[in-house]
Amino acid sequence: SNRPMPLNTYQFRNMIQCTVPSRSWWDFADYGCYCGCGSGTPVDDLDRCCQVHCNCYRQAGEISGCRPKFKTYTYECSGGTLTCKGDNNACAASSCDCDRLAAICFAGAPYNDNNYNIDLKARCN
């Protein structure tokens, strides 16, 4: 898709590359019902990671003026371990933590090729 990528997506992408270096971040951009924030019932554990991430963003968005999809933050990747830095404000800290937890969740969830680019209308009611 040619939709413009939110700034923060670039950081989330780098976080995923930190925890799951063996896969392209694109593999996670269109997976299951929730990787891309959809609806319905998550198809598997990886999709549940995305559902939690979407809900996390929704909660962060309740902070006044916070748009987690666009919020940049400071973090560090060292040997596959992600750390959100202490100089983030409340919005940045929340956004960073949402992305950090999702990237860790992705690393621990099996990837099922059959759940990539699925028919959302048919499978996500």
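In case you wondered, yes, glycine gets a Cβ from its N, Cα and C as well.
The active site annotation in Swiss-Prot covers His53, Asp99, and the record cites similarity to another entry as its basis. Look at Swiss-Prot and you will find Tyr34, Gly36 tagged as Ca(2+) binding site, backed by similarity to another entry. Swiss-Prot lists Glu76 with the feature Zn(2+) 2 binding site, giving experimental evidence as the kind of evidence. Among the features that Swiss-Prot reports, disulfide bond is placed at Cys18-Cys77, Cys33-Cys124, Cys35-Cys50, Cys37-Cys54, Cys49-Cys105, Cys56-Cys98, Cys66-Cys91, Cys84-Cys96, with the record citing experimental evidence.
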Mapped onto three states, the DSSP assignment of Cys35 (disulfide bond) reads strand
Spatial neighbour of Cys91 (disulfide bond) that is closest, considering only the recorded positions Tyr34, Gly36, His53, Glu76, Asp99 and their CA atoms:
Asp99
Rounded Cα distance, in Å, between Cys50 (disulfide bond) and Tyr34 (Ca(2+) binding site) is 5
When the disulfide-bonded residues Cys33, Cys35, Cys56 are compared by other Cβ atoms within 10 Å, fewest goes to Cys56
With the cut-off set at 10 Å between Cβ atoms, which of these disulfide-bonded residues ends up with the most neighbours? Options: Cys49, Cys66.
Cys49
Using DSSP with the three-state reduction, classify His53 (active site) as helix, strand or coil.
helix
